[in-house]
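*Asks:* I am attaching a structure below and will ask some questions about it afterwards.
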Amino acid sequence: MGPCHGALQPLSLLVQAAMLAVALAQGTLPPFLPCELQPHGLVNCNWLFLKSVPHFSAAAPRDNVTSLSLLSNRIHHLHDSDFAQLSNLQKLNLKWNCPPAGLSPMHFPCHMTIEPNTFLAVPTLEELNLSYNGITTVPALPSSLVSLILSRTNILQLDPTSLTGLHALRFLYMDGNCYYKNPCGRALEVAPGALLGLGNLTHLSLKYNNLTTVPRSLPPSLEYLLLSYNHIVTLAPEDLANLTALRVLDVGGNCRRCDHARNPCVECPHKFPQLHSDTFSHLSRLEGLVLKDSSLYQLNPRWFRGLGNLTVLDLSENFLYDCITKTKAFQGLAQLRRLNLSFNYHKKVSFAHLTLAPSFGSLLSLQELDMHGIFFRSLSQKTLQPLARLPMLQRLYLQMNFINQAQLGIFKDFPGLRYIDLSDNRISGAVEPVATTGEVDGGKKVWLTSRDLTPGPLDTPSSEDFMPSCKNLSFTLDLSRNNLVTVQPEMFAQLSRLQCLRLSHNSISQAVNGSQFVPLTSLQVLDLSHNKLDLYHGRSFTELPRLEALDLSYNSQPFSMRGVGHNLSFVAQLPTLRYLSLAHNGIHSRVSQQLCSTSLWALDFSGNSLSQMWAEGDLYLRFFQGLRSLIRLDLSQNRLHTLLPCTLGNLPKSLQLLRLRNNYLAFFNWSSLTLLPNLETLDLAGNQLKALSNGSLPSGTQLQRLDVSRNSIIFVVPGFFALATRLRELNLSANALRTVEPSWFGFLAGSLEVLDVSANPLHCACGAAFVDFLLQVQAAVPGLPSRVKCGSPGQLQGRSIFAQDLRLCLDESLSWDCFGLSLLVVALGLAMPMLHHLCGWDLWYCFHLGLAWLPRRGWQRGADALSYDAFVVFDKAQSAVADWVYNELRVRLEERRGRRALRLCLEERDWLPGKTLFENLWASVYSSRKMLFVLAHTDQVSGLLRASFLLAQQRLLEDRKDVVVLVILSPDARRSRYVRLRQRLCRQSVLFWPHQPSGQRSFWAQLGMALTRDNRHFYNQNFCRGPTMAE
């Protein structure tokens, strides 16, 4: 049966290929290969390195496609027919296919070609993104277009014909067509009235284009005009004369303060910018005005006259440190909701006090005030007194001000405040209230260095599964990244309504004993991560009766102190605690033997050393057993190598989510999941599992989500997942699977909602079963067309599993064997008759001539052959020369030339002992075809070298054979007259050792030729013909 089976295998493969082809015709394969169909009619072709727009088959539901994204491919040419097949296409994204040279990662120039009817063939198109492409003109566009993005292109001119016919256009973005990353050496030219025909245009953005004036005759329908980061340093009423519908105007960054710039900056000219008093007075509908980074020192109240609807004002990154203490510009802005004054600092100066101007009290609708980066060191009631009368104020940003004294009790006068950010300051503790007078320029000035202006590290966000956010709480105070060493109750006096307090990234090293937070009777969330807390007292945090979330992560220093005990019994005395994080503390010994709580829902214990704790016999075996209501438990990064059933059995039975990511688990007892009857999510990603073979998921388990990604799984036993009937999400990505078998799942396969098998080295052999299976469950496989790729064979490695051509899907080894055999038969069948007909007698004659010649030639060679190809002569007293001869010359000529190896005669190796020196020398000279002289210098030659040279000259006179070859190792030997004469007569017999390693290969080739050919072939015929043999 074996031979028959082998003969029928190609036929079966052809049948399978035909079946797959039929499946393709019936639409079983993903319809938009190589792209992916996503919800709401979006076809995602991003990051596929496509060089042309894919043409989808007629069987695909092309009429359902409303959005096509071709982001970050390599499409340089768009044809008229590329999108014509998509009759209902509304959104098209072609961003970053052919970026200009300045924006390309390798700075390669690129020009995109767009044929005239490419977009006109799509009359339903409404949104088009051509940004980050090397186009120089606006292509022909359909009249249906509503949104057009031409940012970061090479378009440098707009005239009335550029956008003609686009009467429906509402959004036009042309940012960054001429700036430091996309240089052009000029400015974007917008001809007067070029956009006037766009009667419905509401949004226009021309940022980063080197503009020096506001384009003239803009459409009066504009509501959003963004002109930031150009070079417009003068604004007059006529610049915005007809734009009475404007709601948002951004003219920031046109006259920059370069001491705070994060990119190339041009200093603002002296006495600029020049803003006319009535520049904005006619913009009665204006709601947002951006004047950031404009080198403003004063605020003219007339600028804001008539702006009764202004709700957002951005004045950040200016020089308003004096102005904000006495300005009256805010008196008429009763509707203002957001005001940004950040980084209005004096260069290299930190002031002692700051007192806001009384006009701030007129901002009755203000909800958010950003004052970070103004640099004042004291925060008192006087500082924010005008804000106390603002009933709507909710968010106040005061971070990065180098505040070292802060009276936190002043915030009791702000009943509407929901969020106060005092992070990244230098607050070290409570201060007594003091009366402070004087303006911002009063008091002592402290000069700052560049190091002081460096921002601190960002906080590490916590997963909301284990630590809730404060965004929904009514009052939050952020004191993270300050200089707190201890926490005193006086700091929070009169802040009883505080619900969230962040104290992370300080240096708090005290032993909390239940008295530090007494005034905070309403506190629900407390963040003390990244500190040095000493958890010794059993009543820690018990003064917080409403505490629900406590973050004690990254407090590892006390736990690393040998011999010091730690008390976690306070957890049992927090009756409302729901979330607790003890992550990344390195907890390994001398802690409470058990955590107890009836209220705790989520515990993050990642980044500790449970492996060491559970290795201490039964001491910590029941460490988590007392958490009766625990639902979520994170045990990631605990250096666990095994997880015994007794360990799982002592976890809380109420657990629904268990994370064991990034441990060292090479084995997991799946049957022990019955010990956790309520477990719904198990995360084993990033471990060292090699196979899912020891048993299977138990029957009756409640498991719904299983993550075993980033392991090394190469095998899954049949039926492993079949009994877990409630399993809906399975992540098998980033393993070593070569196939995905339907037998793993049984009847469960149809119930899966997510099956991730990406980043596995799947073996894409002909008739691979996993292809049919993945097609059956393709709705559950994320990124099936693009992210599920082949790992073998080599020609398909890294390509989609659908990349192979079904017509070529044959047995590869059999194909090669048949091809080789047929080629050999054809070649022999053609060659033999042809050779016999054309040159049969010649071949017969050459064959017999060769038989007669070979023995005679061998006898003649034996009679005339010499013992050595070359006799090597050198000065043994020079160790460097001797080392070069033995370790370089000998190895190269005798060992590395293979069949062309030369036979060298060396004095110390080949001279016969017992003979005189002259006898050995005579025999060596006359038994060698050539004499190779290796010289370091040619000015002093004596001893054996001189005698050998004289014998070579004698041989020249007697036998008329020039056998001398010179190898000169030192460059100063070129001064020798003999060397220069011999170079002139017989250049190939004088070789110089090259200084550069790149020339050594040529040197050895020249030396081999010099030793194997007669010197008479090397003589310069212009001077002589060389020695000739006597007749």
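Yeah, the Cβs are placed from backbone N, Cα and C, and that goes for glycine too.
The feature disulfide bond is assigned by Swiss-Prot to C35-C45, C98-C110, C178-C184, C255-C268, C258-C265, C470-C500, C764-C790, C766-C809. The repeat 'LRR 1' annotation in Swiss-Prot covers 62-85. According to Swiss-Prot, the repeat 'LRR 3' annotation covers 122-147, on the basis of sequence analysis. For 701-723, the entry in Swiss-Prot reads repeat 'LRR 24'. For 749-772, the entry in Swiss-Prot reads repeat 'LRR 26'.
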*Asks:* In whole Å, how far does the CA atom of C258 (disulfide bond) lie from that of C268 (disulfide bond)?
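*Replies:* Spelling it out, the Cα of C258 (disulfide bond) and the Cα of C268 (disulfide bond) are 8 Å apart.
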*Asks:* Go through the chain and flag residues at least 6 beyond the ends of the repeat 'LRR 24' (701-723) whose CB is under 8 A from any CB in it; none is fine as an answer.
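*Replies:* The answer is 673-674, 677-693, 729-738, 741, 743-748, 756.
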*Asks:* What residues elsewhere in the chain lie close to the repeat 'LRR 1' (62-85), defined as a C-beta under 8 angstroms and at least 6 residues from its ends?
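*Replies:* That would be 32, 40-53, 55-56, 91-98, 110-119, 121-122, 125.
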*Asks:* Below 8 Å Cβ to Cβ and six or more residues apart, same chain only. Which residues does that give for C98 (disulfide bond)?
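*Replies:* Once residues fewer than 6 apart are set aside, C98 (disulfide bond) is near R74, I75, H76, C110, H111, M112, N133, G134.
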*Asks:* Tell me, if you would, which residue among C184, C258, C500, C766 (disulfide-bonded residues) has the fewest other CB atoms within 10 Å in the structure shown?
*Replies:* C258
*Asks:* Using C-alpha atoms only, work out the spacing between C255 (disulfide bond) and C265 (disulfide bond) and round it to an integer in Å.
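*Replies:* A Cα-Cα distance of 10 Å.
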*Asks:* Provide the three-state DSSP residue tally for the repeat 'LRR 3' (122-147): helix first, then strand, then coil.
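*Replies:* Result for the repeat 'LRR 3' (122-147), in helix, strand, coil order: 0 helix, 5 strand, 21 coil.
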*Asks:* Quick one: pull the CA-CA distance for C265 (disulfide bond) versus C35 (disulfide bond), whole Å only.
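*Replies:* Here the two Cα atoms lie 42 Å apart.
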*Asks:* In the repeat 'LRR 1' (62-85), how many residues does DSSP put in helix, strand and coil?
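*Replies:* Helix, strand, coil within the repeat 'LRR 1' (62-85): 3 helix, 5 strand, 16 coil.
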*Asks:* So of all those disulfide-bonded residues, C268, C764, C766, C790, which one's Cα sits nearest to C35 (disulfide bond)?
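*Replies:* Spatially nearest to C35 (disulfide bond) by Cα position is C790.
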*Asks:* List the helix, strand and coil residue totals of the repeat 'LRR 26' (749-772) as derived from DSSP.
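*Replies:* Summed by class, the stretch gives 7 helix, 5 strand, 12 coil.
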*Asks:* Of these disulfide-bonded residues, C255, C265, C268, C764, which scores lowest on Cβ atoms within 10 Å?
*Replies:* C265
*Asks:* Would you list the DSSP helix, strand and coil counts for the residues of the repeat 'LRR 24' (701-723)?
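*Replies:* Helix/strand/coil tally for the repeat 'LRR 24' (701-723): 0 helix, 5 strand, 18 coil.
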*Asks:* Within its own chain, what residues at least 6 apart in sequence put their Cβ under 8 Å from the Cβ of C45 (disulfide bond), listed in sequence order?
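*Replies:* The list for C45 (disulfide bond) reads P34, C35, E36, P54, L68, S69, L70, L71, N73, given in order along the sequence.
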*Asks:* Please report the three-state DSSP label of C184 (disulfide bond).
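*Replies:* Note: C184 (disulfide bond) is coil by DSSP, not helix or strand.
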*Asks:* Using C-alpha atoms only, work out the spacing between C764 (disulfide bond) and C184 (disulfide bond) and round it to an integer in Å.
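*Replies:* A Cα-Cα distance of 49 Å.
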